[in-house]
Amino acid sequence: MIERILFVCLGNICRSPSAEAVLRAKAAARGLSLDIDSAGTGDWHLGEPPYGPMQAAARARGYDLSGLRARRVGAADFDRFDLILAMDADNRADLARLAPAGARARLAMFTDYLPDGEAGAVPDPYYTRDFDGTLDLVERASDGLLDVLER
Ligand code: 4NP
């Protein structure tokens, strides 16, 4: 059974903290109890709150990211979580390199939970500046993930 879910992006200040907050809100709305966290593969922003423009876009949709702090994903996360969801192919490749032999967690792409062919990655809004586009994908993939978990 999947109860512990970790979202992973590059900086842990845009995509993965957004996914953490969105999935937490949507799971609570469905009455599902999940342990949800996020982390980054990079170390540039350790200890920092999510990026200001990302926080503002999320806040406009009712998601409060202000209490989250960036951390780096580590080998122990592969034992702590049931499912680790990468935002893009680079994140996934970095995670596959980090995974200890015999790791418990299943590694997948967050976009696997979108309707077929809709997107193969959540583009990085730190570079695209499309914070709302990121939230659209994150909300839709979260709905898809919860549909699978409830099945
Ligand atoms: P994220 O976006 O991976 O969605 O958190 C990024 C934010 C910052 C950087 C890279 C990605 N950076 O290199 O500073």
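The count begins at 1 with the first shown residue.
Using N, Cα and C of the backbone, Cβ positions are placed for all residues, glycine too.
No curator has checked TrEMBL annotations; they are predicted automatically.
The structure displayed is predicted, hence computed values, not measured ones.
According to TrEMBL:
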DOMAIN    3-148  domain 'Phosphotyrosine protein phosphatase I'
ACT_SITE  C9  active site, nucleophile
ACT_SITE  R15  active site
ACT_SITE  D124  active site, proton donor
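By the criterion of other Cβ atoms within 10 Å of the residue's own Cβ, the least surrounded of the active-site residues C9, D124 is D124. When DSSP labels each residue, the domain 'Phosphotyrosine protein phosphatase I' (3-148) comes out as 64 helix, 21 strand, 61 coil, counted as helix, strand and coil in that order. The residue listed as 'active site' has a Cβ environment of 34 other Cβ atoms inside 10 Å. Here R15 (active site) is positioned 6 angstrom away from the residue listed as 'active site, nucleophile', judged by their C-alpha atoms.
On the backbone, the CA of R15 (active site) and the CA of D124 (active site, proton donor) stand 7 Å apart.
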